[in-house]
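Written out below as structure tokens is the structure these notes cover.
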Amino acid sequence: LSHLLMSFLAQLVTPELLVSPSSQDGDLGSECPEDRGNWTGRLDFLLSCIGYCVGLGNVWRFPYRAYTNGGGAFLVPYFIMLAICGIPIFFMELSLGQFSSLGPLAVWKISPLFKGVGMGTILIVSLVAIYYNMIIAYVLFYLFASLTSDLPWQHCGNWWNTDLCLDHHVIKAGNTTFPVNITNTVSPSEEYWSRYVLHIQGSSGIGDPGRIRWNLCLCLLLSWTIVYLCILKGVKSSGKVVYFTATFPYLILVMLLIRGVTLEGAWKGIRFYLTPQFDHLLSSKVWIEAALQIFYSLGVGFGGLLTFASYNTFHQNIYRDTFIVTLGNAVTSILAGFAIFSVLGYMSQELGVPVNQVAKAGPGLAFVVYPQAMTMLPLSPFWSFLFFFMLLTLGLDSQFAFMETIVTAVTDEFPYYLRPKKASFSAVICIALFLMGLILTTEGGMYWLVLLDDYSAGFGLMVVVITTCLVVTRVYGMKRFCRDIHMMLGFKPGPYFRACWMVLSPATMMALLVYNIVKYQPSEYGSYRFPAWAEVLGILMGVLSCLMIPMGMVVAVLREEGMLWERVQQASRPAMDWGPSLEENRTGMYVASLAGSQSPKPLMVHMRKYGGITSYENTAIEVDREMEEEEEEESM
């Protein structure tokens, strides 16, 4: 009887298993939840990550940091910190996002007690998105200003110039006829930036913002409009835009590099940039600077990586992608240094001053020094347009990531209400952030931008990353996390990753946090010192994102039942529906834990879909066997 029953069951199952995968309703793309959306092209995810990581900081922060911290010797701590801190945390974020297919808020089903970490992330990203788009607005302003035959910051004699303005052409002529004292003079490009673009003379400080600069306001509106149109359909639209915004900057960078190294005096700048000063390596400051550069350049902790990975299919090879993006980002930074310093070397020769007197970082490089260098080249409007177009594409795809993070985080929390209205919700977020950013378009807007830049993603972001690292390895458990990755990728992370996650990465981040607090310096912009109330406001910005963590804990504990310690234990355990989002990927402890789950054997779904057992199913069987053996050992 049992033999007859088995043969009858085999007849029922076999036809389904023999059906070829191509004749099924779905294809490989349907492996992700359709209502949430997923990447539509093979390279969408990789290019989005590259676009997100390779941003303005690669051009205007890395070269300056390198030359002030030992030149070529800076690459030693830079790559060591990349290995200890950058690559492991990058891979951890991608793994969390891909395994759960959830945004930075809902992903805390892994340990609901720490959901406040996700709320802190969203607060940080929102503040950064406000001022980052203002920088894009400045870039648009300069982009339009470059569409002339003569660049407006080329000469003195305009209504915004003062008596201190000195044209470099005059200096060049002066070298042969009479000595010119340039110590108390200002370049035309500097006055154009401060007195025309910002009109900062109309404000006495951060407490006196002055009037709105309507040309800047329109540029900000345009930048938010561009961002909204690109994220209108979520990753389906932004995933296509990055094919241009992530690759085109490389083309322009190579053009600027070739133009730069062919200029007279270029090697003077490159020598200044790369000459190794190994005595700097004995200074702790250099190692901290290298870690900070890695930390902010890769964008870990902002939720962008986790969000992008959450739109992947379950078995996407993020291990390979981690190394492509992190090493590609490092190489881009080094290349950008050559492009910048070759031009600075030429500029220093033209002005007859040392390179260190023309080298600057941040907005000073992008909106003062480099534009001034452009005026010394033949076809200066063309090179200026190219440079600012490169900055625009570098900035936009980072902004896409910030917006996608905010929208995904909230829609994953309220999928039934917000997912069908994702385009409208994105519009509401963009309008709200545009209105909050209006203060940055005033005459004193630069003071507010500096305050946001200094405090919004400072120690608060480090606390978020450290907490994430500790929760995944200590609360959730290193063994379980490695098993999840094994189930997803077919192999377990090696000793290098485990050592970094357990000890090296959190220890490095703690050192960064302590260094930032000990070496705290009040904000300043040029010679302007911020008042005490502005400092307090900035510190509160950072503290608020940290306070989200204990606030989230209180809410999570109140939702549980029992004594306090029991509530804490229950809240720290993964939620019932934690795990892969699709039933067919849920094996072992994740089987049938989804709401409304009918299938006790997801492997059968896989087999019907792919026409047999794949290497991933073998992995799933191995994971199940491992867990059974561990349970037996514990019971003994």
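Just so you know, the numbers here start at 1 and follow the chain as drawn.
For all residues, glycine too, the Cβ spot is worked out from N, Cα and C.
Because the structure is a prediction, the values reported are computed rather than measured.
Around Gly51 (Na(+) binding site), a 10 Å sphere centred on its CB holds 28 further CB atoms from the protein chains shown. Feature annotation from TrEMBL assigns Na(+) binding site to Gly51, Val54, Asn58, Ser297, Asn329, Leu394, Asp397, Ser398.
Annotation source TrEMBL lists disulfide bond at Cys156-Cys165. Within the same chain, residues at least 6 positions away in sequence whose Cβ sits under 8 Å from that of Cys165 (disulfide bond) are Cys156, Thr185, Val186, Ser187, Pro188, Glu191.
The feature signal peptide is assigned by TrEMBL to 1-15.
The annotation transmembrane segment is assigned in TrEMBL to 45-63 (among others).
Summarising the annotation, TrEMBL assigns transmembrane segment to 75-96 (among others).
Per TrEMBL, the feature transmembrane segment maps to 117-144 (among others).
Sequence-distant contacts of the transmembrane segment (241-258) (same chain, at least 6 residues past either end, Cβ-Cβ under 8 Å): 41, 43-44, 47-48, 50-51, 54, 230, 332, 335-336, 338-339, 342-343, 383, 386-387, 389-390, 393-394, 396-397, 400. Sequence annotations record features per position, and here TrEMBL assigns transmembrane segment to 241-258 (among others).
Under the heading transmembrane segment, TrEMBL lists 290-311 (among others).
Tertiary proximity for the transmembrane segment (323-347) is limited to same-chain residues at least six positions away from its ends with a CB under 8 Å from its CB atoms, namely 46, 49-50, 53-54, 58-59, 62-63, 66-67, 75, 78-79, 82, 86-87, 90, 250, 253, 256-257, 260-261, 263-274, 293, 297-298, 355, 358-359, 365, 369-370, 372-373, 376. According to TrEMBL, the transmembrane segment annotation covers 323-347 (among others).
For 382-402 (among others), the entry in TrEMBL reads transmembrane segment.
Marked as transmembrane segment by TrEMBL: 423-449 (among others).
According to TrEMBL, the feature transmembrane segment maps to 455-476 (among others).
Panel annotation: around the transmembrane segment (496-518), residues 81, 84-85, 87-89, 91-92, 284, 288, 291-292, 295, 458-459, 462-463, 465-466, 469-470, 472-473, 478, 481-482 of the same chain, lying at least six beyond its termini, place a Cβ under 8 Å from a Cβ of the stretch. Here TrEMBL flags 496-518 (among others) as transmembrane segment.
Summarising the annotation, TrEMBL assigns transmembrane segment to 538-558 (among others).
Summarising the environment of Ser297 (Na(+) binding site), the number of other Cβ atoms within 10 Å of its Cβ, over all protein chains shown, is 24. With a threshold of 8 Å between CB atoms, the same-chain residues lying at least 6 positions outside the transmembrane segment (423-449) that come near it are 126, 129-131, 133-135, 137, 198-206, 208-213, 216-217, 220-221, 224, 227-228, 231-233, 403, 406-407, 410-411, 525, 528, 530, 534. Counting Cβ pairs under 8 Å that are 6 or more residues apart, the transmembrane segment (75-96) and the transmembrane segment (290-311) reach 3 or more and are in contact.
When the recorded positions Cys156, Leu394 are compared by the number of other C-beta atoms lying within 10 angstroms of their own C-beta, Cys156 comes out lowest. Contact between the transmembrane segment (455-476) and the transmembrane segment (45-63) does not hold: fewer than three of their C-beta pairs are under 8 Å, each pair 6 or more apart in sequence. Within the same chain, residues at least six positions away from Val54 (Na(+) binding site) with a Cβ under 8 Å of its Cβ are Ala246, Pro249, Gly328, Asn329, Thr332, Leu394. Note: Ser398 (Na(+) binding site) has non-local neighbours Gly51, Tyr52, Gly55, Leu56, Tyr132, Gly299, Gly304, i.e. same-chain residues 6+ apart with C-beta under 8 A of its own C-beta. Around Asn58 (Na(+) binding site), the same-chain residues at least 6 positions away in sequence with a Cβ under 8 Å from its Cβ are Ser297, Asn329, Thr332, Ser333, Ala336, Leu394.
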